[in-house]
Amino acid sequence: MQDSYSVSAAMEKLVHLTSQPYHQLDIRAALSTEIKKAHQASGKFSKISTHVLDTIDANMSEQLENRLQEAKNNYTGERIVLILCNMGSFHWIGILLGFNIDGCIWRAQSFDPVTGSDHLTDKIQTAFSKVYPDIILRVNTLLKHKDHTKSAILTIANLLIATDDAQFSQRNSLNGQQLNSSYDGGRQNNKNKMDQVQAYPTSNEGNISEYDELEKQVAARLKSFNITDIEILPEKIRRSEQRVKDFREDGRHDDAAKEEKHMSELKEMQALSENIAKLKASINCGDGKLRELEQSLASRQAKLKITDLSVLPQKIRHSQERVKDFQDDGRHDDAEKESKHLSDLKEMLTLSQKITKLKASKDSGEGQLIALEESLTNSKIKLKITDLTVLPEKIRRTEERVKDFRDDGRNDDADKETKYLCELKELQALSEKIAQLKNTMNSSEWKLCQLEKSLLSNQEKLNITDLAVLPEKIRRSEQRAKDFRDDGRNDDAERETRFLSDLKELLALSENITKLKSSGSNCDSQSVTLEERLANIKARFNITDLSVLSEKILRSEQRIKDFRDDGRNDDAEKETKYVDELKELQELGKRKDDLKLPNTQSEVTIDSSASKQAEEKIESSSTKTDKLVLTDLDTLHQDLLFLPVCAEKVAMQLLEYFQQIMASQNKSVTFSNSSVYQLFDELENQMDQEEMLSDTVRKNLQDLRRYVDNQDASSANRCLAELLKKIRPLHVQEIQRLIDKAKAAAKVIEDQDVILLIGETGTGKSTTIQFLAGCQMEKKKVEVENGRFLEHVEAVE
């Protein structure tokens, strides 16, 4: 390719630049000089003007946006604009923008030459989308190296190669496929010449280059065939094959040959798309990502001279304190410099956490599950589906529409509907795969992964790197909230209270993780601790029998309502605290029982035959319970299908979720995932719209939120059942089922002799039926009072 000489000359100049210290290199001047030499060496650069803008600090988002506006507004005509960004510590990246004669962007590329860096996606893209909301800034891969100190020279080289490509591509864009081929060859020549300057190793460069080239080819062919969606290719190929067959049967051999050529191109395009999918999978594989992250972490450790990653939280805390001290003393330059150092430390901590998370999830399946859930969420948003239970019905109706369109000869509409049907089926398959994966994963392991994920997210949200400072932060936040209230600054107090709530939630998450990690070895000690707390609270309230708690709570809630009606708010507040303590006592009792259950078998020694019988009974009982829960789930699922969007439906969706956990015996699962809290918020909003939020309902919702936060599936299940009774005066579906059962029972006894047993409680109606049914009966003495016994006949089998 003739035009490659200008870049070759520039490469020789770059060899000279490598001898300069990286921190003394004027990167803009060097790039401008190379562009000017290329302009003089070849007439090509005179066709389209090239402008190198002033360098910027990408951490200053306003400065970056201004430079992008400058590229848009300060120049006219066909042009290429180059922007150089310093991401901190002499880590340079480049941006190329190509404008046509009308001022519209036809090419937008970015180049980060540091292996494993994610600066582009995090910072540049945000500023770019503000100025050019309709344009995608593509991340391109050319020359890369793990050492950021070489990024200046590599950025110059990448922008020279990209500018050469852009000039040639734009000038010859209308000359067809032949020039595209020579363009590819020219680009390869430029890269080969650059390799002679210095051999910088690249990450996945071969795969990425091939991937980019294949994507270009597929995009060009899709455009030439006026195809917007590659997923309809199989259907188009099938119809083309049918047309070839029809033409041959009609003796239209020329048309058949033409159609065969078209079909061959379609098949070639499909093969290209399959190659792209394979390459994409190889580029994004977990091991490759892990290696890149580890390389990037090692580079940053060397740069900051940190060998022990465990000291990072402490270093971040000290750096934050220095930034604050500098700002208080008015030393803004030092504060800005320290802020950059702090940013580097935080990025290193984030990298370390990502690596730990990737390594932990590699064997446990968490990474796969998280990716699947993200894909599921995106698909639900794209298809505007919030309730997955409606999928089977949607698929059935869509299949009918496809058939109707084909019968009416509306093939384009049928193609569109087929595409939609494929997306629905993919969504259904994703949902089933996620459910299957969750069932196969260990429940405690999954809970721990979810808790740690939520902890990391909350730490990033609150900008807290060291959990050890949480108690002190909570104490100071409580003090600030109190000061704001004393000063009458209610808005500030409200904001501080919300922040305090987030801090406490973070602390609770951290404690839950610690407890879960040690739960395998200290279950017995937990039970002892719970028993001690239980005994203390029972003694304080003078309660000996926990079975009376439900009645006490009910009466106390009624007293709260009476106090509020009478305007006795202080008494109501006092009674509310009493109710909360009673409920805590009730939950402690349940938790103690749950902890004791697994240990009962190890505390009793019995013979082998008795053990076998006991196991069979336990297994039989468990199976019956599971069948009952699964039956309830089936019934609940059927009820949901016919309900419109309303508070009752959302409550039933939550109930279905918790019953699924109960059915899978995974009662300790974490409910911190977004879907549960999203349903909870939707329930509150729906009840507010339907004007259902009475005081008792609000209290019920508060209890439900507490159970969800405490990962208590059993209590959440019970609480939702109570809530449904309050908001649903008539359970229409249940009434219909009872009517159907009554009709079925009527058919069974139709034309049969009926014996009616009438009598008061205890006269023996049930016993008589058991005897007539053939049960073995036994006479026993039953104690009815202290020292008083009655003879009683009851069934023993």
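The backbone N, Cα and C atoms fix where each Cβ goes, glycine too.
The annotation coiled coil is assigned in TrEMBL to 420-447.
According to TrEMBL, the feature compositional bias 'Polar residues' maps to 173-191 (among others).
As annotated by TrEMBL, compositional bias 'Polar residues' applies to 598-612 (among others).
Look at TrEMBL and you will find 173-192 (among others) tagged as region 'Disordered'.
Among the features that TrEMBL reports, region 'Disordered' is placed at 244-263 (among others).
The region 'Disordered' annotation in TrEMBL covers 320-341 (among others).
Here TrEMBL flags 590-621 (among others) as region 'Disordered'.
Counted with DSSP, the region 'Disordered' (244-263) comes out as 17 helix, 0 strand, 3 coil. With DSSP classes pooled into helix, strand and coil, the tally for the region 'Disordered' (320-341) is 19 helix, 0 strand, 3 coil. Mean pLDDT of the predicted structure over the coiled coil (420-447): 71.
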